[in-house]
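Following: one structure in structure tokens, then a few remarks.
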């Protein structure tokens, strides 16, 4: 009974039950076949990175060598780590963990993107840390509240904190990992570069007990919200010192995208009503001013007039985000628009002129981005519509035909003639391959519906992990939301747990126990207990470590912090009752 309560309390599963009956006759996709082909794609890219590019950040597949791009972190190795486990390769996961522990150093004189370092490095290390036990890594005592990968993630995140020291709380876009923000650093940062921290930083705060990470992430989110236009839109770039909008184009794509994504995912991860309310207000403005025939254009943020009638490949995450709030019909219509562009070119060009139905000059490339595949995975979980598997099939076929070279997979420089560029971004292994594999692997542990889980003993009870409901950061690194309730560092939470223990213990013993609270106080010092309680406490009866025979496993999930209902197995209720 108690564990059933754990599951109800801790699971905020993103899994949406299927509505379809499977593929229609004549359209059925052999998922097992494509799953194996995706796995082969991963190892072709991954092995070539190890052989030709490691320890550099990325592989250059045309010249079979490597280059540093985002900070000299062996970035592709970090980004690919959780994908290894999703593909079932526990031995390589374990080996890479040892390699990273020994070889990665963040105390270096490098100017690094605050945004990219967070989503790829901090997010990748946090996800790998939380998946370590499932991968057979020998974890230290106190896991998931301690561990070498967690310490690495915290170290990387601390290197980013100086960027948030601005009058507005919005971070600079770049920080030197050794010296902090350079004196001549531009104060202009894109909206996504300000609003894409709450998933990783809140996870860090909950696991380490240091509230500074979540605090700076929330302050940055609220600063953007405060500076939205009168019609409810945000622009593309803002001055983080003066809060003046520098680029006033409003849309859902490049420079803005993951800000909206993190409002939704942060709300799900943290059960946070305020974040979801922010997104719903933005969503109204986006529908009112930027949506035209299930396309989303760019408009002037103060006037709502169209400034760019283009579709950007980065916008293809939007149907997946819509599915997370239950807006399936709109999501499918928009997805099918984007899928027609894929069919036209065998990939999504960076920019697509909607009225002309063609690419935009100098934006004809496709760097193997994952966003449309990501949306297909979410929507397939929600609908089982076979069209979504067809996109997966087309993606495998076109990427292999156009992009595959001897030393990996190359960025497509121009979708019109399929010329290639000498780069394989780390997100190809972190996101594109991962989402493709999960699309074709309905039984993967990531899709767990809560029927299986792990029980981890903690100092104040048991913690439920691995029960599903993973929240993907914007680099597709899955975070187990239940883990955020395993590490009780704040005293008030500890006192609440001890109160529950006392009450439950004495009810079981059928003894009278009286707890009085001084008016106006909620702290532990304001409580007095009966003589029986004091007597038991003095004998160690209140300490589960000293009295293992009487140890009562306690709820590891706190009460909901607000009255709105949130998700259990997928549904998110958005009422304010």
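Just so it is clear, glycine is given a Cβ too, placed from its N, Cα and C backbone atoms.
Since the structure is predicted, the reported quantities are computational estimates derived from the model, not experimental observations.
Per TrEMBL, active site, proton donor is recorded for 116, 350. According to TrEMBL, the feature active site maps to 257, 371. If you look up TrEMBL, you'll see 474 marked as Ca(2+) binding site. Positions annotated as compositional bias 'Polar residues' by TrEMBL: 525-540. Feature annotation from TrEMBL assigns region 'Disordered' to 517-556. Annotation comment: TrEMBL describes 1-22 as signal peptide.
Sorting the active-site residues 116, 257 by the number of other Cβ atoms within 10 Å puts 257 first. Taking 116, 257, 371 as the active-site residues under consideration, the smallest Cα distance to residue 350 (active site, proton donor) is found for 371.
For the pair formed by residue 474 (Ca(2+) binding site) and residue 257 (active site), distance between Cα atoms is given as 10 Å, rounded to the nearest Å.
Residues near residue 371 (active site) in space but far in sequence (CB under 8 A, at least 6 apart, same chain), listed by position: 313, 314, 315, 316, 317, 320, 348. The distance from the Cα of residue 257 (active site) to the Cα of residue 116 (active site, proton donor) comes to 14 Å. Remark: of the recorded positions 350, 474, the most isolated position is 350 (fewest other Cβ atoms within 10 Å of its Cβ).
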